[in-house]
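Presented below is the structure to which this report refers.
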């Protein structure tokens, strides 16, 4: 049974439950290449034993050319060449994970190497195909991500249609690592579309490969920012793509001639019933309950359109680890929002990045300044240059108290300058120190 990893992989992952809403540990950056001397927006690809390396992915030159230089385009992210799909055994796509006889020419082999990486799809020229689960890679989400590469998936943000869904902040990316954000030209014989998926197990997190802790990948709708990179297993759309890629849906349709069609992103499963996406129900997925992402959005994400006070979850207690919230501050016509902080305490940075952080987007919808520790002083405010201001807060520890803030609306034509905060507390102290020095001088002279 060791040879039938498909029972675990292409069954439990493809036909299993939808992804869990999230996990607290921050996903580590994938296997990265050494810095290069070329300009940051024209960095070269790495090569390893004839394979092109892109982040945590390795692929033959021919496969790379097929992905990124083909004249035929499809928005999906799956393997397009049958030679790189895993073969069938007893009717099911099968991924051997150990070599049981000399006739095996390739199998999957998990190793403990430098970082997390995998080959893309089946590599028939290798005598054993490595998947590295190195230090810091032992999380379920990371293992599933690397196995996703091995069965043929690229990164979601490499899709041809990605610019319709996310914004890449090129200036925030580590020098020499922009190749991780290349767009692929992808081909699948099946012409049906599977929508872009923020929650895909193959999607990078919003700050991956960041040079400063600022956002590298921003969702077009800021309210969805925290969805990126949080899944722990293949999502409905991931499974749909892989089942299309391996021809499973066509096979099941042929075996179920009396089965009706599935609606709303549903697809026919192996038991002749429709597999429905999140937010859909009914025998044919015909019942709309909610948006695809609704079940994954936290309750604290909300729009604030009035002059009110608000706090982070559990305030003044600590925010639970793995919490994320997006606060959209929306001012009336002719006004701009001002957010005044009465208190602010997020875990101080232990490295170059803030672990628990607040990103303030007051000048752009898709990029902002990141704060943690006591970076924001009592009384400090932020004034937007438009009707909207976004606050994106995320925690990976349970040691942060969060913040308390107040919303005010100001005239858009003549808005006030942002308040610096902390000044009122410093002025009396400075006066007292000066007075003490003057008194000491008088005492000495007398």
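Just so it is clear, glycine is given a Cβ too, placed from its N, Cα and C backbone atoms.
Source: prediction; values computed, not measured.
In TrEMBL this protein carries:
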- 146: active site (ACT_SITE)
- 145, 149, 155: Zn(2+) binding site (BINDING)
- 108-249: domain 'Peptidase M12A' (DOMAIN)
- 285-410: domain 'CUB' (DOMAIN)
- 1-19: signal peptide (SIGNAL)
Next on the checklist: For the binding-site residues listed here (145, 149, 155), tell me which residue's CB has the most neighbouring CB atoms inside 10 Å.
Outcome noted: 145
Item to check | All-chain count of other Cβ atoms within 10 Å of residue 146 (active site) | outcome: 23
Item to check | Model confidence over the domain 'CUB' (285-410), averaged pLDDT | outcome: 96
